[in-house]
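The active site, charge relay system annotation in TrEMBL covers Asp151, His224, Ser556. Under the heading domain 'Inhibitor I9', TrEMBL lists 31-117. The domain 'Peptidase S8/S53' feature in TrEMBL is assigned to 143-595. As annotated by TrEMBL, domain 'PA' applies to 383-470. What TrEMBL lists as domain 'Subtilisin-like protease fibronectin type-III' is 671-767. Under the heading signal peptide, TrEMBL lists 1-18.
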Amino acid sequence: MAGILVKCLFFFVSLCLAINLAKCIPNTKKTYIIQMDKWAKPDVFIDHVKWYSSLVKSVLPSTPEGEKTGDEEERILYSYQTAFHGVAAQLSEEEVKKLQERNGVLAVFPEIKYQLHTTRSPLFLGLDREDSSKLWADRLSDHNVIVGVLDTGIWPESPSFNDTGMTSVPTHWKGVCETGRGFEKHHCSKKIVGARVFFHGYEAASGKINERGEFKSARDQDGHGTHTAGTVAGSVVRGANLLGYAYGTARGMAPGARVAAYKVCWVGGCFSSDILSAVDQAVADGVNVLSISLGGGVSSYNRDSLSIAAFGAMEKGVFVSCSAGNGGPDPISLTNVSPWITTVGASTMDRDFPATVKLGTGKIVTGASLYKGRMNLSTQKQYPLIYLGSNSSSLMPSSLCLDGTLDKASVAGKIVICDRGISPRVQKGQVVKEAGGVGMILTNTAANGEELVADCHLLPAVAVGEREGRVIKRYASGRNATASLRFLGTKLGIRPSPVVAAFSSRGPNFLTLEILKPDMVAPGVNILAGWTGALGPSSLPIDQRRTNFNILSGTSMSCPHVSGIAALLKARHPDWSPAAIKSALMTTAYVHDNTYKSLKDASSVTPSTPYDHGAGHINPRKAVDPGLIYDIGAQDYFEFLCTQELSPSQLMVFGKFSNRTCHHSLANPGDLNYPAISAVFPEKVSVLTLHRTVTNVGSPISNYHVVVSSFKGAVVKVEPARLNFTSKNQKLSYQVTFKTISRQKAPEFGSLIWKDETHKVRSPIAITWLASP
């Protein structure tokens, strides 16, 4: 009998596979974000949430008796009602198809997984100078600005969030302090004014959060969120340091601003439905600035849920700053490229943490390190040196020091050379240490170039550039190679600086060449800021060290610099729009380093371009008084979308909230009143005219004249060449005509600058000639 049952079961399964396995197994459910037309709600529903629930219920399967299954409430993860309208729900593909046919459904987006883009900077930016306070508003006025940080949460005990001397929480604030394991009401304060968690999308995709191993609350176990929040608005902390490195006074960009923590990232990543809910809630809570140091690739504007939510936030007057990504130096590696988002790349500062490698030949190679621990190598002794790769450019698992690839008998008692790539830098050191190695030399590959990122390793370790790395590896291939390591602490006044970080993602903007991205660069290499008490500075579970501060690198670190400066500008100019703040930051940015030469690209040590640095490096002391601004309203951004070949239904995802329609006021995408200018010549087009309008935010009587770069491939004419303002907030327009004289194979770059006696209002220019397909 048992044999017959087994044969029947085998036959049934085989039949399923032969016909269509998906038809024999109930459709698997996935998370989808459903955008709704809020104005299409039937009058029979008392609110939108009831309507959304009814729509989801209408596509669910029925029981044999014809009744609905009753799990529509469990299917719905979130309802969105402020910056975005709709729901996130778990549905099968068949249910999604049915739902898309329902009246009022604008779009359906599948869940997307996002990743985090992971002091000295206030002084480097000129915010700690004695005369800088004169530039900003009264010291208490920025207390009314609230920055929402979407990240891994916050460690409230960090000294960066001390609220001593702060005024009462602003009356416009509607946020709350959600409690959970390790996070109680008292953890919020006049500095941390709100804390919320968003995990339904994550749990739907990854299963329930293990509450023993992870805080299912706003408490930050990762450290990334505490670091970004501290960079934005950390209070002044004297004597801040990481194991003695970078000793000094730490402060955020806007130390008087408030922080609201929105935890959207967990051990397994960050999911779009959670991020969207956090943006929606943050705008409803009353944030003025949103700082989002994460990204998930590039989708078309109408398919990018974060872009759509950011559009809604912009409509409500919220400035949105996002990291550009860490995909550099590869071109077209940017994320978060929508024009209403401020996209921030990363650059270095004039501070470094030098360390040296002394080879047996006596040659000394300079690198970087943040090592400080019990394992110390004698500087008077040489240690055996080994490289487990080949002399060719191809990397091997053992040369990358991947887990389980090092032979203990070969590396015990030696300094091991490890190539960057595949695994985290600090993890390579752990692998070396567990195999018995006494030290590590971490060598850059061609992708990293000569950029040095310091790490808090578990064993003595020094990072070196690619060229020096090749020298060391050649030496190690000989007999009886030896080396010693030395750590030199903190060094200031590094030249040249700033330099565009090799890892910082690059343009051009894949979606729209006419929108030049990134928008700007800001400090993002070796940044000291607050840290979690749940994890050591290396972020490795085995690391038992605990510190109040940590040094991290990434566009995740540069983004909150801009978010904090935006908070300062909002306090100084409360009537400025998000576009006005962005314009002030872009047109006052500089494109030279502290040797008065053009900004350089760390990956190639050659001059960088606007595809690398955008408008340039932020200059907050100038941004407070930019002279002129390029303002853009929500309808202007919508007009830009009308040039992007989107269908009426695709445009509705942006226009339905305010019943927007296309007025076709832009001749082409390049006519958006953006602070950067990108002229794109299609084939057979030789003349192109772009238009801009500037608003006078300086002295009522102001007279500007224009200076524009010369180009090999085109002649540029600006009309009029002078702008004479007679009142504050007056708007004047001009046009820029590009006439091709010789089509170039590569883009050309330059600038357009409006000058008066005080201001230089600079816009980067890119000219691109498209070749035939």
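Residue numbers in this text run from 1 along the chain shown.
Each Cβ is built from the backbone N, Cα and C atoms, and glycine gets one as well.
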Overall pLDDT of the domain 'Subtilisin-like protease fibronectin type-III' (671-767), taken as the mean: 97
Cβ atoms near Asp151 (active site, charge relay system) (within 10 Å, other residues, all chains): 29
Greatest C-beta neighbour count within 10 angstroms, which of the active-site residues His224, Ser556: Ser556
Summary of DSSP states over the domain 'PA' (383-470), given as helix, strand and coil counts: 19 helix, 21 strand, 48 coil
DSSP-assigned states of the domain 'Inhibitor I9' (31-117) in counts, ordered helix, strand, coil: 26 helix, 31 strand, 30 coil
Secondary structure tally of the domain 'Subtilisin-like protease fibronectin type-III' (671-767) (DSSP, helix then strand then coil): 1 helix, 58 strand, 38 coil
Inter-residue Cα distance where the pair is Ser556 (active site, charge relay system) and His224 (active site, charge relay system), in Å: 8
Alpha-carbon distance [Asp151 (active site, charge relay system); Ser556 (active site, charge relay system)] in Å: 10
